[in-house]
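Now, the feature entries from TrEMBL:
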type	residues	note
COMPBIAS	42-52	compositional bias 'Acidic residues'
COMPBIAS	86-122	compositional bias 'Basic and acidic residues'
COMPBIAS	137-177	compositional bias 'Basic and acidic residues'
COMPBIAS	186-199	compositional bias 'Pro residues'
DOMAIN	1-42	domain 'UBA'
DOMAIN	209-291	domain 'UBX'
REGION	42-211	region 'Disordered'
Amino acid sequence: MAELTALESLIEMGFPRGRAEKALALTGNQGIEAAMDWLMEHEDDPDVDEPLETPLGHILGREPTSSEQGGLEGSGSAAGEGKPVLSEEERQEQTKRMLELVAQKQREREEREEREALERERQRRRQGQELSAARQRLQEDEMRRAAEERRREKAEELAARQRVREKIERDKAERAKKYGGSVGSQPPPVAPEPGPVPSSPSQEPPTKREYDQCRIQVRLPDGTSLTQTFRAREQLAAVRLYVELHRGEELGGGQDPVQLLSGFPRRAFSEADMERPLQELGLVPSAVLIVAKKCPS
């Protein structure tokens with residue numbers, strides 16, 4: 001029983017003549033299976049239907065044989081002279097075998113593509129997990145750096161507060177050393193200035209030596225007040241230092257200097273007054289002071 005040629009079989013299975021000829025030429029006329037594999041692998045190529053421009057011998061690296069030339073040149077006619085013509089039943093049987101072969105190739109191709117798709121999905125998931133892990137490590141590093149920065153700022157804040165407390169203690173120690181001696185070693189008393197304590201002009205102010213402590217109420221600009229007891233021989237600078245330590249953010253957070261004012265009569269204390277004891281300023285045994293922001297010089 002005569003069989004169809006490879007070209008005729010490919011055309012019988014529905015492949016365009018140009019593609020069938022190109023597949024046979026590029027596979028070196030190695031058979032219908034090789035040509036079918038090429039056609040199925042390159043069916044989506046944009047130039048699959050373009051005719052071959054290079055001679056067959058150049059493609060295969062050799063000169064084409066007479067049978068190959070006959071297969072390409074005589075593709076429009078019968079396979080050769082004197083070749084028996086197949087009956088309709090034989091042609092159908094041969095076409096059926098070719099279609100089964102095509103179906104098998106298609107299944108193999110689909111299985112291969114499915115395996116490749118699964119592999120790509122595994123790679124995508126693996127890359128996603130690696131990216132997620134890298135992102136989590138980055139977030140943990142940022143959180144760790146932020147925590148270290150907060151600890152550093154807290155330590156600096158505690159150190160600054162410690163320095164302020166040490167300064168206050170040093171100032172108190174210096175004042176105690178300067179004014180904490182015996183009564184005979186105290187400087188000569190200075191005539192007291194009129195203060196808000198006397199109830200009448202004729203009343204004599206109390207003797208300063210009769211009071212060892214002084215109760216000072218300080219009114220802040222926001223309406224709140226501070227109350228503290230000082231020794232009568234302490235300087236007015238001690239009161240200002242106490243206010244600068246305990247005032248709130250509204251006065252500059254312990255950084256801007258403040259100025260102290262008396263209420264009645266209204267008086268603004270100068271830097272020279274800060275070195276004078278409270279009893280010399282007429283603030284003993286108690287007084288009310290007003291705090292105002294002091295403009296930097």
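Note that the numbers count up from 1, one per residue, in the order the chain is shown.
Cβ from N, Cα, C; glycine included.
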Local confidence of the domain 'UBX' (209-291) - pLDDT mean: 84
Structural state census, the domain 'UBA' (1-42) (DSSP three-state): 27 helix, 0 strand, 15 coil
